[in-house]
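Under the heading region 'Disordered', TrEMBL lists 1-33. Here TrEMBL flags 22-33 as compositional bias 'Low complexity'. Taken from TrEMBL, the feature repeat 'PPR' applies to 104-138, 170-200, 201-231, 233-267, 340-374. Annotated domain 'DYW' per TrEMBL: 555-647, in sequence order.
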Amino acid sequence: MPSTFLFSTPQPPPQHSTAKLPTTTTAASAVAPPTTHLPNADKFALLIDNVKSVHHLLEIHAAVLRRGLERHLPILPFKLQRSYSSLGHLHHSLSVFNLTPNPTVFSWTAIIYAHAHRGLFHHSLILYSQMLQTSVQPNNFTLSSLLKGLPLEPAMALHCHVVKFGFCDDLYITTCLVDAYARGGDIVSAQKLFDEMPERSLVSLTAMITCYAKHGKLAKARKVFDEMEEERDVICWNVMIDGYTQHGLPNEALLLFRKMLDEKKKRNSKVRPNEVTVLAVLSSCGQLGALESGRWVHSYIENNGIGVNVQVGTALVDMYCKCGSLEDACKVFDGISCKDVVAWNSMIMGYAIHGFCEEAFRLFDEMRGMGVLPTDITFIAVLSACGHSGLVAKGWEVFDLMKNRYGIEPKIEHYGCMVNLLGRAGHLQEAFDLVRGMKIDPDPVLWGTLLWACRLHNNASLGEEVVEFLVSHDLANSATYVLLSNMYAAAGNWEGVANIRLLMKQYGVEKEPGCSSIEVNNRVHEFLAGDLRHPKSKEIYLMLEEMNCCLKAKGYTPKTDIILHDLAEEQKEQSLEVHSEKLALAFGLISTRPGTPIKIVKNLRVCLDCHAVMKMMSKITGRKIVMRDRNRFHHFENGSCSCGDYW
């Protein structure tokens, strides 16, 4: 393989010929007073190794040059080169290297490492190519220095050099290759190298866990993780916990976090959760809406020396907002010093999803008044607030402000917010025109938002037009078919419903089942519609009967018109009674003290009947019921909802 394996005409990295290296006698005299005794190499090497500032290093360098030691003691230029790099002065390091006659593999490796360490991979590869042209062969550290952080394609080329120069059995280099393939997404090659390793280090095991976890192969990641036993460090735990969090398995993330704490107690392990750990765990609590667990993690942070910096503070704000406690979120937000735009965005979005739009607008204005420039995420949050209140004019004002005042080009998410705002408010044609006039291609989510608006306002003709477009462009998903089926059902077109369901069966499309969860005593309980799996199912269904009696006594009438199946009226009522959120509410009523709030998380949009039931039950029981559905939060209190029945 030619040495210039990645470059047709290699260009050397900047030589920095104007770098002002020391040449005066003043600097030299500052290091050592004039004397007839010539300090030996060991003394100068020791001075260079212990240097703390570039100013001091320049003085030492001047002394070396004054005595001409660099010509006779090659260890000194090498140490100077490394020290300049470690102090962040790569241009001085490169100048020393360029003045070194016949640099050894150690000098080449040091300058290659210095560039690779700073992410200057192109320059490090050019230097490597130049080294090969001078007939200097790499050592194991040369190759491992290059491989760290290198993109997949050049890493594959370097793999050939690993074989060529006989480093296939080097554990450190093989680990770097596993990491390079893993980062590049080549799981097969990473796994093959990993399986062939005769010995596995903690780093190689962590690299493989990271590879599996990053690409959603969590069962394989957990298998490697569990086989590590005593070797696990905090990085391994963090990778596994974060893998569960990032791939929508928050319950598993929390269970693993608790196992981490248990092992610390049982085995007297020195592994302690750090900032990275709690960031992942707080995200899991937010996904689950597990407020009790989130508060416990907050307490753990405060009692175990993990500082509440802006990153941790923002994660706490996000968690409390998603768990339904704006009061706690506000307290944390107010306590964050030096708030960055991410912190502001989290709090604004928190107000938006809870439907407190005026507070979101006030915070948006306050942020700008303090000189914090909004980002595209900021405008997603503010536009979401407009959508939850039906403020069409305000939405257009914010949309135009984003483009004209701050020069932020709308992304698919901003268009999605506008389509949601317009569609929910009944401006279907305006929403449709916006989608067709976009500069970027709309995605299935955006079309689905428009289709949902058609379903909401019973505009079947426009809905059919949207569906035909999605199907013809292979953009249809389960939600597409479900929404069209619902539109046909609402219109009593059961033949159309049957045809859509047949299509769904042919294409293997499955409707996402409704699922509701509730946290009781730091444990999250999940329910599907008509669920009988819970150990307390008997008590739950007895409470459901009691709820129904109370509701009917207060004049409740089931909203059977939302049942989109051709069923008898009695069957429709029975179907409504066992919706997942009602099961979660019944469990909450039998499992918590009277008067305490009940918090429920639903994966889909709450239906009209369940919304009406939650309002009435909040008045009957005297409890506040907080529900987070796919779109927003609903705070039910004394018979009314914070959404104002607009969702």
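Here, residue 1 is simply the first one shown, and the rest follow in order.
Cβ coordinates are placed from backbone N, Cα and C, and glycine is handled just like the others.
In TrEMBL, annotation is done automatically, which means it is predicted and not curated.
Here the repeat 'PPR' (340-374) has long-range neighbours at 310, 313-314, 317-318, 320-322, 324, 326, 329-330, 333, 380-382, 384-386, 388-389, 391, 394, 402, 406, 408, 628, 632-635, 642-644, meaning same-chain residues at least 6 beyond its ends whose C-beta is under 8 angstroms from one of its own. Secondary structure of the repeat 'PPR' (340-374) per DSSP (helix as H, G, I; strand as E, B; remaining residues coil): 26 helix, 0 strand, 9 coil.
Counting residues per DSSP class in helix, strand and coil order gives 30 helix, 0 strand, 5 coil for the repeat 'PPR' (233-267). Residue counts of the repeat 'PPR' (104-138) by helix, strand and coil are 26 helix, 0 strand, 9 coil (DSSP-based).
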